[in-house]
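Colleague: Pasting a structure here, questions to come.
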Amino acid sequence: MVFSKISQVAHYTPKQVISNDDLSQIMDTSHEWISSRTGIEKRHISTVEMTSDLAIRVAEQLLAGSGYDATALDFIIVATISPDASMPSTAAKVQAAIGATNAFAFDMTAACSGFVFALAMADKLIASGAYQRGLVIGAETLSKIIDWQDRSTAVLFGDGAGGVLLEASEQQHFLAEALHTDGARGQSLTSGQSSLRSPFSQGQEVNSFLQMDGRAIFDFAIRDVSRSITAIIEQSGLAKEELDYLLLHQANRRILDKMAKKIGMPREKFLENMMHYGNTSAASIPILLSESVQNGQLKLDGSQHILLSGFGGGLTWGSLIVKI
């Protein structure tokens, strides 16, 4: 059998940093109000670079670290809800920029679960035996879909990208997965809504900014996502103590606090960096993964078990247990 493994990680964020105090200059808020409710202290905001630019930087780092030429790639998947355009896809732009002429490329739209969904799909591509290696990237410029007059959402989000190089392995590294969608609750978190516009329709004005029912999303994370994580740990056959770290979507520190209690695991095993980046949707988990390798918490030598879990718009949620 053919399996897959994560062999390289990388991340990139725009240079412009916006602190909570900076936000207090343009809206009715304060550092204390934001940090006490979310754990977020600052975020990176793109002033020039588009989502594809961030993803390209990550792709270049992944290739440089691996020593592979871009022509050795078989596929590129970019998870994003803030693409440069509806078409061409962000992944296609990455493919062109790095010269990955042998790779097929497509975008994955699953909001804050996007990276986990994309990684699960990439694992299956390699396990099929038809493909040897590819890039899985989460990239967002959420600053362009935020209503900067809406304090309830503007303080939460940031821009950035992270990703992995996935390649074939003789050993199994992806040990368990659980992917979920509940479209019936989709209106709890929306963005990019558009109306019918043609000579034959009577389109109506819609709000295209990101809109969120914060309480509904909070309750969903604590209830449904915690239950799913508990189930996937049982499915994997691992004891909770055998999990070295949990890397969850970086939405809100209060969510992580409550989920740790609900799942029954030590809070210190839940890695976090939302204080530096805010919520970067599909980019949050790969940025956290890359930083954790960079700072030595994760070894990338096959000796650790980690759980990756994303949750957000759709509603979607999904988890993977990976030997890394």
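The backbone N, Cα and C atoms fix where each Cβ goes, and this holds for glycine too.
Straight from Swiss-Prot, here's the annotation block:
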- CYS112: active site (ACT_SITE)
- HIS249: active site (ACT_SITE)
- ASN279: active site (ACT_SITE)
- 250-254: region 'ACP-binding' (REGION)
Colleague: When you measure from the Cβ of CYS112 (active site), which residues in the chain that are at least 6 apart have a Cβ under 8 Å away?
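Modeller: In sequence order, the residues whose Cβ lies under 8 Å from that of CYS112 (active site) (at least 6 apart) are HIS249, ALA251, ASN279, SER281, ALA282, SER284, GLY310, PHE311, GLY312, GLY313, THR316.
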Colleague: Would you report the average pLDDT that the model assigns to the region 'ACP-binding' (250-254)?
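Modeller: Mean model confidence (pLDDT) across the region 'ACP-binding' (250-254) is 97.
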Colleague: What is the number of other Cβ atoms found within 10 Å of the Cβ of HIS249 (active site)?
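Modeller: Other Cβ atoms found within 10 Å: 30.
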Colleague: Mind giving me a neighbour count for ASN279 (active site)? Other Cβ atoms within 10 Å of its Cβ, every protein chain shown.
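Modeller: Its Cβ has 23 other Cβ atoms within 10 Å.
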Colleague: Please list, for the region 'ACP-binding' (250-254), how many residues fall into helix, strand and coil according to DSSP.
Modeller: 2 helix, 0 strand, 3 coil
Colleague: For CYS112 (active site), just give me the three-state DSSP call.
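Modeller: Going by the DSSP assignment, CYS112 (active site) falls within a helical segment, counted as helix.
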